[in-house]
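One structure is given below, encoded as C-alpha cells.
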C-alpha cells in the first residue's frame, strides 16, 4: 500500500502546490469570501458554502437529462442512489464558471461535501490559535484539544468527559497549538444512515463508501472491502484519468500563451499599421490641400485671363461703337441740315471716314466663354509622391468639330470585329486631350432597325475613343455617333458589311518545289511548271510569278481573301501542294 500510495500522494501534493485543481487548498468561499461553512463540491469541481448555494436563484431545466448526466448523478456519497429516471428539473449556475448544475432530488444539501476544504478550513483556523473552531460533541464551546484516536475536536468540558469514559480513557489527546505542523486533521467521515459508524469500507457494486452496519445490512450480498485495500485500484483509475487530463491542461496553457503572444503582436502590429495610416493620411491630406490650392490659383488665373480678354474686347468694341456713332450722327446731321455746297465740301472727308469704319473687322461674339469645368475623376499627376485626381478644364467638346477615323469606318465583315476611332475637338478645332465625355454609339441594320448591334466604347483618356462592334449578318448598316445628343462630324453614315473573310486553303510559299519538298505531282494555282516532269512552279522557271504567293489562288498578299471558287476552271487537284 505504501509503495503504491506514495507516488499518488506525491503527485497530488505537487499539483496542489503549483496547480489549482478545482478548489483544493482553498479555504474561502468565492461568494461570501469567508471561510467555508459546510462546503459543497459542484460537478464543475468548484466549492461553495451550502448557505451561499441555497441563496442562488434556481431555474427550471427545459430538457430532463438522462441517467448519464454527470451533473445530476454526483450527489453526496451519503445519499441513497436514486433511479436514473427521476432526475431533477431544478438547476443553478455555478457562481465561478456559470456552468449549469442540475440539483439532485435532495437539493443543495444532497451535493457532495468537500472534505478537503473542511480540512483546509480547520488548518487555517489552527493557524489563528483555533479561533472559530467549536467542539464536535457539544457544538457550543471553543476547542482546546483534539482526540487523535477519534479525530474529534473537543472543548475542555468534553475533553474531561472523554477521559472518564472507559472506551476513550486511553485515547491520545493533543493540544491545538501542537497541531499547527500537521497537514491533515479532518474529522472522521460518518455514515449518513448509521451516524455512529465511520465509513471505512467500499462497496464495489454500488461504487460508494459504506460502514460496517451497511455491510451486514443493505450491502450484505455486495462485494465490499476496506478502503485501504481498494484505494490502489480506484486511485490508479483516477490517476490514469488525471494523466489523460494533464496534457489538455498543458495544451490549453500553451494555447493561451500563444494567444497572449499573438494578441501582443496584434496590438503592436495594429499600432504600427495605425501609425502608417496616420502618416499616409496626413501626407495625403497635405498633398490634397496643396493640390487644392493649385487648382484654386489656376482657377483664379483663368478668371483673370478671361476677364482681361473680355475687358479688352469690351474697350475695343466701345471705342468702335463711339467711332461709329460719331460717323453716323455727323453724316446724318450733314445730310439733313447742310446745304448742297456744305455737303459737297465735306463729302470727301465723310466718305473716307465711313469707308474706313465699314472696313473695320470685329466679332459680335464674346472672345471667351464661361466654360470652366472641374473633373474630379481625371488624373492630375503626382503631388508629394501621391497620385492626385481632379483637374480644371476650360475646353468644351464641340460635336461638329469631332471627327471619325479608321480603316473599318465604312466597311466590315460579318462575325468579325470592326473598329474606328472618334477624335474629339473643341470649338477652336483643338484636340481635347482628355476623356470623360458621354459618347453614344448605335449600329443598326438598315432592314432590321429593331435589332441594333452591341457596341463597345473605350475611353482612351486622351480625347480619343475606341469604338468597336461585331455585325452578325452581311448587309447595309447605319452608324450613329453622338456627343451631348448631337451628331459628330460625318454622323450618321453607312457601313457595308460583307460576308465572312474566306480563308486560304493552300500555303503561302515561294514555289511549289520548296514547299512540297521536291514532289513532282504537287501543283500551284500560279500555273508555273518545271522541266523534268514537275507539275508545280519553281524559282526562275516558266510561269513563276516572281513573288511569294498562295498555292490555292495565286494571290501575292498573305493577308488577302482566297478567291478560289472550287469550280471546273480550277480543279482541286490542280491546287494541291504539300507543306512540310
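Residue numbering: from 1, along the chain as shown.
Cβ atoms here come from the backbone N, Cα and C positions, even for glycine.
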From 171-225, 226-280, 281-335, the residue range that Swiss-Prot assigns the feature coiled coil: 281-335
Euclidean distance between Cα atoms of residue 135 (Zn(2+) 1 binding site) and residue 214 (Zn(2+) 2 binding site), Å: 28
Same chain, 6+ residues apart, C-beta under 8 Å of the C-beta of residue 219 (Zn(2+) 2 binding site), given in sequence order: 203, 205, 206, 210
Cβ-Cβ distance under 8 Å to residue 194 (Zn(2+) 2 binding site), same chain, at least six residues away: 211, 213, 214
Cβ-based neighbourhood (8 Å from the centroid) of the Zn(2+) 2 site, residues 191, 194, 214, 219 excluded: 193, 197, 199, 210, 211, 212, 213, 215, 217, 218
Cβ within 8 Å of the mean position of the Cβ atoms of 135, 138, 158, 162: remaining residues of the chain near Zn(2+) 1: 136, 137, 141, 152, 154, 155, 157, 159, 161
Helix, strand and coil totals (DSSP H, G, I; E, B; other) for the zinc finger (186-227): 6 helix, 11 strand, 25 coil
Sequence-distant neighbours of residue 158 (Zn(2+) 1 binding site) in its chain (C-beta under 8 A, six or more apart): 135, 137, 138, 141
